[in-house]
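Asker: Feature list, courtesy of Swiss-Prot:
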BINDING   ASN45, TYR472, ARG568, HIS596  ATP binding site
BINDING   ARG375, ARG405  Mg(2+) binding site
ACT_SITE  HIS435  active site, phosphohistidine intermediate
Amino acid sequence: MSIRYPLLNRELGILGFNERVLAQAADPAVPLLERLRFICITSSNLDEFFEVRMAGLQEQMRDNPGALSPDGMSLQHVYDLVVERAQKLVHRQYTMLHDTVLTALEAEGIYFHGTEAWNEAQTEWARNYFFDELLPVLTPIGLDPAHPFPRVLNKSLNFVVELEGKDAFGRQAMMGIVQAPRALPRLVRMPQELSGYPHGFVLLSSLLQRFVGELFPNLVVRSCNQFRITRNSELFVDEDEITNLRVALQGELPARHLGNAVRLEVSAETPTHVVRRLLDESGLSDKDCYYADGPVNLVRLMQLPEMVDRPDLKFVPHIPAIPAQVANSVSMFDVIDQGDVLLHHPYESFQPVLELLLQAAKDPNVVAIKQTIYRTGTDSPLMDALMQAARNGKEVTVVVELLARFDEETNINWASQLEAVGAHVVYGVVGHKCHAKMMLIVRRVSVGGKTTLKRYVHLGTGNYHPRTARLYTDFGLMTADQKICEDVHHVFQQLTGIGGELKLHELWQSPFTLHPKLVEAIRAEAEHARAGKKARIVAKMNALLEPTVIAELYEAAQAGVKIDLIVRGVCSLQPGVAGLSENITVRSIVGRFLEHHRIFYFYDGGKEQVYLSSADWMDRNFFRRVEVAFPINNRRLKRRVIAEGLSAFLGDNQSAWLMQSDGHYRRRRPGKSSRNAQMSLLGKFCS
């Protein structure tokens with residue numbers, strides 16, 4: 001691919017975002033247990049990075065070693081840069097864990113007891129716990145010609161044990177493997193009277209390493225070390241060749257745990273020859289090995305804040321607000337009839353969305369409900385409401401995206417339950433994931449003495465997931481606007497039926513009109529600038545990668561358009577480059593909540609067009625997904641979106657990171673006045 005304009009590398013951008021997440025763990029303004037949580041989040045993000053992005057890069061290197069990445073670098077060069085940066089990030093994680101977080105936790109009476117410091121009473125308690133709770137479920141595997149190296153599951157905790165001596169059959173023991181079942185707790189609370197601390201804990205790895213000899217009787221344990229293998233987690237389902245996507249996925253899901261190895265994690269003290277054996281057995285190189293100065297899976301430390309009753313070391317809980325127009329009304333339909341409703345999560349509650357669906361399920365005047373589901377969780381009151389509606393005789397149609405990564409099994413289960421109660425379940429369009437967030441309710445109403453059907457719609461930037469609605473920032477719109485409702489109806493027609501593209505009045509839809517409409521809007525701002533008029537673009541999203549949109553932004557900036565981009569994660573556009581992008585700023589907001597809404601603002605000669613969307617500016621969202629962008633037409637609500645979703649974050653000087661012209665980020669520091677957008681919005685809505 002020839003590159004006309006510069007692009008920053010995607011993989012390095014993802015690692016850069018995780019560096020910003022990890023920086024939260026070093027921020028003294030963040031409560032201590034939340035700082036630990038940010039370390040765990042970084043670890044979880046890295047797991048997914050290796051399972052998906054690094055796995056894909058390694059596949060590309062094998063299949064087409066001479067290819068270039070979209071930024072123009074060779075794949076080998078990208079791989080080398082990614083490995084170097086990932087190694088540094090992992091080292092920084094463990095340094096921060098030991099030098100900053102664990103030290104501070106001990107000062108607060110929260111302590112991890114290492115085996116080297118156990119006294120006699122603690123050792124006896126640990127021994128009893130091992131024999132009572134662990135030994136019955138552990139299966140040691142001795143390695144010999146009859147017991148080859150096991151194919152360990154993706155991201156499972158394992159121990160490699162060096163042994164000396166002969167077993168009961170006279171075999172010379174060399175090495176064994178112990179796999180820790182996922183059901184075993186990774187953190188075990190030590191009784192306070194033994195610990196000496198209000199909250200004392202022992203890691204599962206400490207217990208296993210101390211007593212692993214009990215699994216190999218009469219043999220000498222020379223070493224015992226943790227290891228963990230990360231595997232390629234992409235599912236290989238050829239949608240063109242299968243007749244039933246759900247059945248095909250159910251057959252493919254178990255293989256995810258046994259994909260090609262991508263990364264080996266070992267404890268820092270693992271002997272070199274043991275590491276070599278693990279790499280050889282996994283088919284990995286030295287560069288694919290990451291040394292952990294602590295637990296190899298930091299994600300499991302996420303349990304600690306829930307196990308410790310110390311509210312002073314956590315974020316102050318917030319109670320999302322209920323908008324007055326909703327709180328003061330019995331019927332959600334009456335509320336929407338009086339005007340559009342805008343919800344700003346997590347500052348405002350997700351409950352009105354659920355209440356709308358619950359009322360629709362029970363309302364005898366409701367005849368049909370249509371809903372998209374991408375992620376909703378394993379215990380979803382929203383799905384219960386849909387099933388209740390189907391039982392009550394409503395025409396319920398649910399577009400369930402079975403290929404939502406890492407939620408496939410959950411969505412398959414929901415699809416089965418929905419079908420069992422009589423709902424129509426479809427899986428979208430082959431080759432295009434349904435990522436749009438839409439709910440459509442059709443209801444009989446009386447107008448002028450006549451009965452007619454009226455549509456009500458909810459559109460959102462985030463998932464129909466009550467739990468993440470308390471953790472992610474998103475906007476949702478409830479409306480009975482005739483044109484928007486008709487557009488949503490047409491999109492559902494395309495998802496459930498077969499036919500030509502239907503013309504939409506208000507919505508921009510991928511894979512048809514979203515990309516060209518966006519390009520058209522950017523070009524219109526450029527024309528305003530060339531004519532000497534005010535021109536402005538402000539856009540907020542999770543990721544910006546699509547090359548043609550980036551090229552349009554560069555050209556608009558050169559025409560004089562002032563462009564402010566708020567991109568939480570990876571951004572391939574390079575701001576502040578002389579002669580190219582001096583008029584563009586890029587900032588990333590990393591704070592208590594995960595920034596998730598997508599907002600597109602165009603000054604448009606003073607008309608101020610504002611769109612909300614489920615779509616990031618990426619190839620997949622424009623061309624390989626079903627997405628919608630919807631306008632905010634109500635003037636009051638438009639001012640809210642601009643103020644709460646854009647201006648507040650442009651003024652943030654506590655959680656904002658500004659991208660420099662070389663692609664690196666620098667944290668914005670408060671001057672005389674400190675401004676934190678998320679905390680300000682919490683104060684506004686939740687005080």
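Placed from the backbone N, Cα and C atoms, the Cβ positions cover glycine too.
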Asker: Counting other Cβ atoms within 10 Å of each residue's Cβ, which of the recorded positions ASN45, HIS435 comes out lowest?
Answerer: ASN45
Asker: Rank aside, I only need the closest one: which of the binding-site residues ASN45, ARG375, ARG405, TYR472, ARG568 has its C-alpha nearest to that of HIS435 (active site, phosphohistidine intermediate)?
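Answerer: That would be ARG375, nearest by Cα distance.
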Asker: Around the ATP site formed by ASN45, TYR472, ARG568, HIS596, which additional residues qualify by having Cβ within 8 Å of the site's Cβ center?
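Answerer: Apart from the listed residues, the neighbours are ASN542, GLY569, LEU594, GLU595.
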Asker: Report, as a single number, how many Cβ atoms besides its own are within 10 Å of the Cβ of ARG405 (Mg(2+) binding site).
Answerer: 14
Asker: Just to confirm: which same-chain residues, 6+ apart in sequence, have a Cβ under 8 Å from the Cβ of TYR472 (ATP binding site)?
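Answerer: Expected: HIS345, PRO346, GLY462, PHE593, LEU594, GLU595, HIS596.
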Asker: Among the binding-site residues ARG375, HIS596, whose Cβ has the fewest other Cβ atoms within 10 Å?
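Answerer: Least crowded of the binding-site residues ARG375, HIS596, by Cβ count within 10 Å, is ARG375.
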Asker: To the nearest whole angstrom, what is the C-alpha distance linking ARG568 (ATP binding site) and ARG405 (Mg(2+) binding site)?
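Answerer: Rounded to the nearest whole number, the Cα-Cα distance is 20 Å.
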Asker: Roughly how many Å separate the Cα of ARG405 (Mg(2+) binding site) from that of ASN45 (ATP binding site), to the nearest whole number?
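Answerer: Here the two Cα atoms lie 14 Å apart.
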Asker: Rounded to a whole angstrom, what is the C-alpha distance between ASN45 (ATP binding site) and ARG375 (Mg(2+) binding site)?
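Answerer: That separation, Cα to Cα, works out to 18 Å.
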Asker: Could you tally the C-beta atoms, other than its own, that fall within 10 angstroms of the C-beta of ARG568 (ATP binding site)?
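Answerer: If we count other Cβ atoms within 10 Å of ARG568 (ATP binding site), we arrive at 24.
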Asker: Tell me whether ASN45 (ATP binding site) sits in a helix, a strand or coil according to DSSP.
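Answerer: ASN45 (ATP binding site) sits in a helix per DSSP.
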